[in-house]
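Working notes, structure below.
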């Protein structure tokens, strides 16, 4: 979101409210175990939903495709955003910056959470539920020059999702409670894995390789990453208290995981699941191998961080694991060439919008969340409108 998921993706860091606090072994194990479990949820379910999303016939619900060109310049965009935030926190009041960001993430969080809840709500409501359809349409100009600014279709079930999400949003806005933060964070991560599609494995290797270098440099080379993450009060990270057993829900000494450490490997794992589906072998070998590799890499990150008591760039361990394991398996199975020649974009409509264009804001609340969340995460820009016809750079 506004490139922020990737800005603070570099590390797992134990953030203590007081320097004297020492977590118990039980509290530490509970915190890190919970972080790992929460990280796996959006990857697993987001990957499954990405398969359905890639087959969508509705242009408004289609995913954003990341090309090799987009992947190559992404670390540069993320670095500029990160350093810009670092300067902002040095020059301007942290309180006012976080106030503006809280309002911004309140809106996006409500939409993202509503999108996440929509499939569940559709199953909960009985068939006899009076589900009325609504449409909100804004246009600009007239005649042949008319442009659609907003074409927002929704129904009664979507309104219920928005209402529930708004309650969580108000809770987060007023209290900044860690549970509300995690609900928004999980929704952002799931949307990112579902709606950001790598077009092929080579693009995934370029993206992960570039962010691998970005991660290591900004964590080990400077204090910029840690400074921004500790100053930034927004649901761009998952947190879990290490003193939960002592203080309950009012605990305040957190271990945290940047959402980028979930979304970046997650979109690569989702690509491998779509590759598995394309093989038509009723097997999910590459998906499960990369999923297990992610667990191994994240566990190794936590172990090294806990051993050396220093923030760790998680992608330093996640990238080699998530890329290396599936490649080795493909090499042994003789499917390496087939893996690297697979084009995920062939699974969607030929007019699938590229990352460099802005999708029409239309459809259900899921569509609106998709448009605002996926474009913001992918391009590092605020949600904007575009013409009905996609444009490319």
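Every residue gets a Cβ built from N, Cα and C, even glycine.
Per TrEMBL, the feature transmembrane segment maps to 29-51 (among others).
According to TrEMBL, the transmembrane segment annotation covers 71-89 (among others).
Among the features that TrEMBL reports, transmembrane segment is placed at 95-113 (among others).
Nonlocal intrachain contacts for the transmembrane segment (180-198), taken as residues 6+ away from its ends with a CB within less than 8 angstroms of a stretch CB, comprise 1, 5, 38-39, 41-43, 45-47, 49-50, 53-54, 63-66, 71, 105, 108-109, 112-113, 115-116, 168-169, 171-172, 204, 207, 235-240, 259, 262-263, 266-271, 274, 344-345, 348, 369-370, 373-374, 377-378. Feature annotation from TrEMBL assigns transmembrane segment to 180-198 (among others).
Among the features that TrEMBL reports, transmembrane segment is placed at 205-229 (among others). If one looks beyond the transmembrane segment (205-229) by at least 6 residues along the same chain, the residues whose Cβ comes under 8 Å of a Cβ in the stretch are 6-11, 13, 66, 68, 71-72, 74-75, 78-79, 82-83, 85-86, 89, 198, 237, 256, 258, 260, 264-265, 268, 311-316, 319, 322-323.
Within the chain carrying the transmembrane segment (254-273), a Cβ under 8 angstroms from the stretch's Cβ atoms is held by residues 5-15, 28, 31-32, 35, 38-39, 42-43, 46-48, 50-51, 66, 178, 185, 188-189, 192-194, 196-198, 200-201, 204, 207-208, 211, 229, 236-242, 284, 286-287, 290-291, 294, 297-298, 314-315, 318-319, 322-323, 326, 344, 377, all 6 or more beyond its ends. Residues annotated as transmembrane segment in TrEMBL: 254-273 (among others).
As annotated by TrEMBL, transmembrane segment applies to 285-308 (among others).
Sequence annotations record features per position, and here TrEMBL assigns transmembrane segment to 314-332 (among others). Cβ atoms under 8 Å from those of the transmembrane segment (314-332) belong to residues 9-12, 204-205, 208-209, 211-212, 215-216, 257-258, 261, 264-265, 268-269, 272, 285-286, 289-290, 292-294, 296-298, 300-301, 304, 338-339 of the same chain, restricted to positions at least 6 beyond its ends.
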